[in-house]
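Heads up: the structure comes next, in structure tokens.
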Amino acid sequence: MAPKVGINGFGRIGRIVFRNAIEAGTVDVVAVNDPFIETHYAAYMLKYDSQHGQFKGTIETYDEGLIVNGKKIRFHTERDPANIPWGQDGAEYIVESTGVFTTQEKASAHLKGGAKKVVISAPSADAPMFVMGVNNETYKKDIQVLSNASCTTNCLAPLAKVINDNFGIIEGLMTTVHSYTATQKVVDGPSAKDWRGGRTAATNIIPSSTGAAKAVGKVIPSLNGKLTGMAMRVPTSNVSVVDLTVRTEKAVTYDQIKDAVKKASENELKGILGYTEDDIVSTDLNGDTRSSIFDAKAGIALNSNFIKLVSWYDNEWGYSRRVVDLITYISKVDAQ
């Protein structure tokens, strides 16, 4: 039986997790909570999406929530996660996608309402992080609060794993060329902690920080301290790309790297890591469900130990599909 899921926070990721849950069919969303959205407005936001198009199905409202494809889904407007009656709705696995409750202590408030597990759809300072295809098999059923890491870590980690497993990584630097997100500004505005981040998203390339590369060391312990990186926020609305430059332990040709990535993409990382030799651009991957799509033509080797690798990701859709996959996976472990 599909695990019953509740979603807290019906913003970009919350809504796209919802769409992916329906598309994948492996989890059953039974309830949603968002204190800032009324039910009829939630229906509108779910139906129409500027990036991913109209919802393919039917959406109606009733006095207690939404009716999606004929199925009732309770909608709550609680500000405090502890007050959301997940237990009454039968929701066991909660997607914490507000971006606010990202620590174990804050996210565990959901357990008070009857939930069994909480998956944070963001990096966490203290909750264990899992990346599907990389370290999900280290999950133990006594873990109650966990993180699906970030979209960028989900792109970088599978690629880094393949390179490290086959050729060894001495050290590496990553740049993610990242589409703008909701935290950025439409026009110049105040941003006290990040002055550059307060500048207009649609007309600037904005250097920014990211913890995504360092986080790889948490999901692949042998790479701890060997990777770091930064971001360039660019004027595109979705789909980002990781540029990973690594020094390898073993001498390697670029063709050998391509072969290793292609093999992994067709076997143990199928559906998570992709491989393409097509001349693609970012919009070609809008709506792609994979975490990381290796661009064989875009990378380059300086010598046999120093290589630049390029991998794309739909930072909304692909990441949200992994949230669904992680819940599907841990529910099977929990049932054993």
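In case you wondered, yes, glycine gets a Cβ from its N, Cα and C as well.
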Recorded D-glyceraldehyde 3-phosphate site member, picked from Arg196, Arg233, Arg247, that accompanies Ser150, Cys151, Thr152, Thr181, Thr210, Gly211 in Swiss-Prot: Arg233
All-chain count of other Cβ atoms within 10 Å of His178 (site 'Activates thiol group during catalysis'): 23
Cα-to-Cα gap, Gly211 (D-glyceraldehyde 3-phosphate binding site) vs Arg79 (NAD(+) binding site), nearest whole Å: 28
Spatial separation of Thr181 (D-glyceraldehyde 3-phosphate binding site) from Arg12 (NAD(+) binding site) - C-alpha basis, Å: 9
Tertiary neighbours of Asp34 (NAD(+) binding site) (same chain, Cβ under 8 Å, six or more apart): Asn8, Gly9, Phe10, Gly11, Gly14, Ala42, Phe75, His76, Thr77
Which of Thr152, Thr210, all binding-site residues, has a Cβ with the fewest other Cβ atoms inside 10 Å: Thr210
Protein Cβ atoms within 10 Å of Arg12 (NAD(+) binding site), excluding its own: 20
